[in-house]
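What follows is a single structure, written as structure tokens, with notes after it.
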Amino acid sequence: MNKKILFTGGGTAGHVMINMVLIPKFMEKGWGVEYIGSQNGIEKLLVQNVKYNSISTGKLRRYWDWENFKDPFKIIHGCLQSYKLIKKMNPDVIFSAGGFVSVPVVIGAWLNRVPIIIREPDSTLGLANKIALPFSKKLCTTFPQTGGNVSTKKKVYVGPIVREEIERGNVLRGRSYCKFQQDKPVLLIMGGSQGAKWINDMVRKSLDTLLLNFNIVHMCGKGKVDPAIGMEGYMQFEYIGEELPHILNMASVVVSRAGSTAISELLFLKKPMLLIPLTNGSSRGDQVLNADHFARQGYAEVLLQDRVNTSTFTHAVNKLYTNKERYIQNMNGYKKTNDEGIHQLLDIINEVVK
């Protein structure tokens, strides 16, 4: 009888990408594969070619919101839904990439006595993975320091993993997609899968200066494209799907939030990056720590948004481009390959199933 694996994780693209890497590997080996995600999350858009099961989810907020009163009931409902789905599917293992949607699935799996493997993309454990940790067999980390107090029998440092198609991007296809008229270096702006209002506003205020030296590709987030801006050399997109590998390969330098998945992809492609992490007030502080880690390695520059104006922003972008060869040389020293990380994860999953 074929083995079965159930994937979960979502809320942001960063909590889905690792699953998109692993799913084809298990399908090739003949495993039964299904996914549990939220009803309206980005994971439903990104996950293709496997059965997708939607459950009720409540967001695990760290701030006051009236929805906080409703969310415990949504989570309980999601746990019941997950329990029934998992009991029916009877998978051999659950792989959770984190995010608020994963909590009911992990609890449902534990109630069904299905082994659970969780993966943390950031330098500190997210709230969902903190909740999931006691129920899990293994914690796979992107950073060696993550989960410092977790037993060495449970914690495994795997390192960053990216989609394999990222490495197969084509610069000419990227240029064809954007149709830039002038041959300038390309500045890619990424605010994360949900967009970043602060970055969007700062970029738009700085366009006159930035466009003197760059063509700009701006990933704004859903509903955040400004149709009133029609400047030559400036392309806006809500989200870039299958063309993203070509855009990434075309980019000369990148401005990005400091989510681990985005940074990892830029590291593998050796793209000089200016990281603007979410503030501690807007998150648990993981992006600040991620950015600091990569800056200390000499891979990136960091700007804290509460200390930035248009002048310091444009100066930092231009300086990044001027010194780009230094960052590329530093990233050439990164030794761990994508294949190593993927095979290590596959071995961990197979070992847990035995």
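Every residue, even glycine, has its Cβ placed from backbone N, Cα and C.
TrEMBL annotations: computationally assigned, not manually curated.
Over in TrEMBL, the protein carries these features:
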- T12, A13, G14, R163, S193, Q287: UDP-N-acetyl-alpha-D-glucosamine binding site (BINDING)
- 5-138: domain 'Glycosyltransferase family 28 N-terminal' (DOMAIN)
- 186-343: domain 'Glycosyl transferase family 28 C-terminal' (DOMAIN)
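On the structure: features taken from TrEMBL.
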residue	record	Cβ neighbours (10 Å)
T12	UDP-N-acetyl-alpha-D-glucosamine binding site	21
A13	UDP-N-acetyl-alpha-D-glucosamine binding site	20
G14	UDP-N-acetyl-alpha-D-glucosamine binding site	24
R163	UDP-N-acetyl-alpha-D-glucosamine binding site	18
Q287	UDP-N-acetyl-alpha-D-glucosamine binding site	25
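Across the domain 'Glycosyltransferase family 28 N-terminal' (5-138), DSSP helix (H, G, I), strand (E, B) and coil residues number 62 helix, 26 strand, 46 coil.
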